[in-house]
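If you check Swiss-Prot, you get these features:
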BINDING   Cys573, Cys576, Cys579, Cys612  [4Fe-4S] cluster 1 binding site
BINDING   Cys585, Cys602, Cys605, Cys608  [4Fe-4S] cluster 2 binding site
DOMAIN    593-622  domain '4Fe-4S ferredoxin-type'
Amino acid sequence: MLNDVVRDAEGEKVFLLGNEAIARGAIEAGIDVFAAYPGTPSSEIADTLSDACRLLRGKMDFYMEYSANEKVAFEVAVGASLAGKRAMATMKHVGVNVAADPLFSFAYVGARGGFVLVTADDPSMHSSQNEQDNRWYGKAAKLPVVEPSSVQEAKDYAKLCFDLSEKFGLPMILRSYTRLSHASGVVELGKIPEKEFSRVEWERHPETDVVLPAHARKLKPILLEKLEKIERYFNSSEMNWVDEGDGDVGIIACGLSYAYTKEALENLNLNLPVLKLSSMHPLPERLIENFVSQMKKVIVVEEVDPFVELHVRAMGLAEVYGKMNGYMPMNYEYNVGRVETGIAKALGIKPSRDYEGIVAESQKLAAKAPPRPPVLCPGCPHSASFYAIRRVVDELGDAALPSDIGCYTLGINKPLEGVDITICMGASVGVSNGLAHVLNNKIIATIGDSTFIHAGIPPLINAVYNHADFVLVILDNSTTGMTGHQPHPGTGFRGCGEAGKAVRIEDIVRGCGVEFVEVVNPYNVRKMVDVLRRALNHDGVAVVIARQPCAILWSRARRREGKIVTYKVTEDCTLCMECVNTFACPALIFDGEKVSIDQSLCVGCAVCAKICPNRAIKPAKSN
């Protein structure tokens, strides 16, 4: 809870979400600058600090912003660190791909003020397009990676990483993941330091801060020396420890897998030695070697990639059981059952329960339940946009429909079927550039407003420059919807509850050189279809901005004012099924005999009334 995050009660125990605990750790560390681009499962860190910076104003002041993308967020934090201030940037795992360019260079430069990058990985891809393991970024960029094993450690290690960053002059990577970020646990609070936000004078350090080749050649050996020093620290750090046990079979458990391992051993009634690892890079070589050398067999438990397992195998000191020889799952996130099954298999015993049977039975039960696929919300303007796009595509006979990352990716589902390709943020525009030069078909790409600002502008400039012929529909719902309605530069709002200057998307588009630019409310289906037809006839890239606030925010505002007028299906309905079969708003219900509108779901967008060929849908009442 937010009140607990900002509570100045040292020693008190509270119940926090993992992401709230990370935010609290940053507060206890006396953070000066925070920057983020929202992305599940990291978003609540930024949201919590956005509220906290307002509530703590005058007691523990810091600057917080939602940045245009992850690269910008990382660079904002870099600037603060180089000025001697403590800074944190947070993002989901694929966001680090966007920030990778400055990440690798900043490793050479080094941190002055404490610098912490939080990457929230997503094993099992609950809300992501891949399952990448960002521990590899630490190895590739030669930066330390720390991985908490509990919500308490999430708070403690977030705070500790600032100290380590300043002690060793290194940017620190704190690796979270879905089951830590979105878990709740008891956290003992530390003290919130009292401080004012103060500006400082710039001090020049061109020999380290300007990574010319001549400087970089000198900086790399220094970076490697820093890594050696922090490895020595990790070898004796309290974040890693050995739980003594019986026998010559040991387990190395990484991060949250430690909790799964301890419960699995309890279920199996075993007392095996366990090395709990939270320093993922550089790995504590001496600590691992001392542990492994005492064992005949070592079971490695870690999520996503065999990162630690590869290292332990290379030592050649014991038989290793893990992902690479099929004892631990190579795919998806772990739980107690998966870990216990792997340990039992390595030991040649049976697990305490038939976990595979339990999973099979649960799948049978799930198959009997009514399907509940994710859908666009009632009144979502994206539904109206995709309906209009589908109308135009049906007139054409076919078209290529690249899309992007956001709520609107759900446009892939029937009956809208408005999404053919989704790769990454901004790729709808970039991919359309490529398709435009090789396809006979027309191309209609879709991208959200926040995603367009994040990564859609450079490929749009490329389309103008290289004369790529396609239509780009910017689905502008005036928020970053899928991650929790965070502000972006187009909204006029900023972090910490402050107002900002709204950047008009149509001005950006025209500034890129696009000649066909039209703004339309997608609830006006007839006009939306007309604009799309004209855009398709334009020679070159054409941009249609479909602007209507997110239905959730729009309906909340109108409910507060008592202005919602819902709609109902009248006796004039002929069961033509146009509304159900081609629009499919969740508020529309067909029970096998008649079509009706769920009054508790309807937000009064009136799109169903506009597309009904028999004018059988009318206003019902004011709520």
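Just so it is clear, glycine is given a Cβ too, placed from its N, Cα and C backbone atoms.
Remark: of the binding-site residues Cys573, Cys579, Cys585, Cys608, the most isolated position is Cys573 (fewest other Cβ atoms within 10 Å of its Cβ). A gap of 16 Å separates the Cα atoms of Cys585 ([4Fe-4S] cluster 2 binding site) and Cys576 ([4Fe-4S] cluster 1 binding site). The shortest Cα-Cα distance between Cys579 ([4Fe-4S] cluster 1 binding site) and any of the binding-site residues Cys602, Cys605, Cys608 is the one to Cys608. For Cys573 ([4Fe-4S] cluster 1 binding site), the nearest of the binding-site residues Cys602, Cys605, Cys608 in terms of C-alpha separation is Cys608. Remote same-chain residues near the domain '4Fe-4S ferredoxin-type' (593-622) are listed as 378-379, 381, 383-384, 387, 523-526, 551, 554-555, 558, 562-580, 582-583, 585-587 (criterion: CB distance under 8 Å, separation of at least six residues from the stretch ends). Summary for the binding-site residues Cys576, Cys602: the Cβ-based neighbour count within 10 Å is maximal at Cys602. Distance from the CA of Cys608 ([4Fe-4S] cluster 2 binding site) to the CA of Cys576 ([4Fe-4S] cluster 1 binding site) is 13 Å. Taking Cβ-Cβ distances under 8 Å and a sequence separation of 6 or more, the neighbours of Cys605 ([4Fe-4S] cluster 2 binding site) in its chain are Pro378, Gly379, Pro381, Ala384, Tyr523, Ala551. Same-chain neighbours of the [4Fe-4S] cluster 2 site beyond Cys585, Cys602, Cys605, Cys608, judged by a C-beta within 8 angstroms of the site's C-beta center, are, in sequence order, Pro378, Gly379, Tyr567, Ala587, Leu588, Ile597, Val603, Gly604, Ala606, Val607, Ala609. For the domain '4Fe-4S ferredoxin-type' (593-622), the number of residues in each DSSP class (helix H, G, I; strand E, B; coil) is 5 helix, 9 strand, 16 coil.
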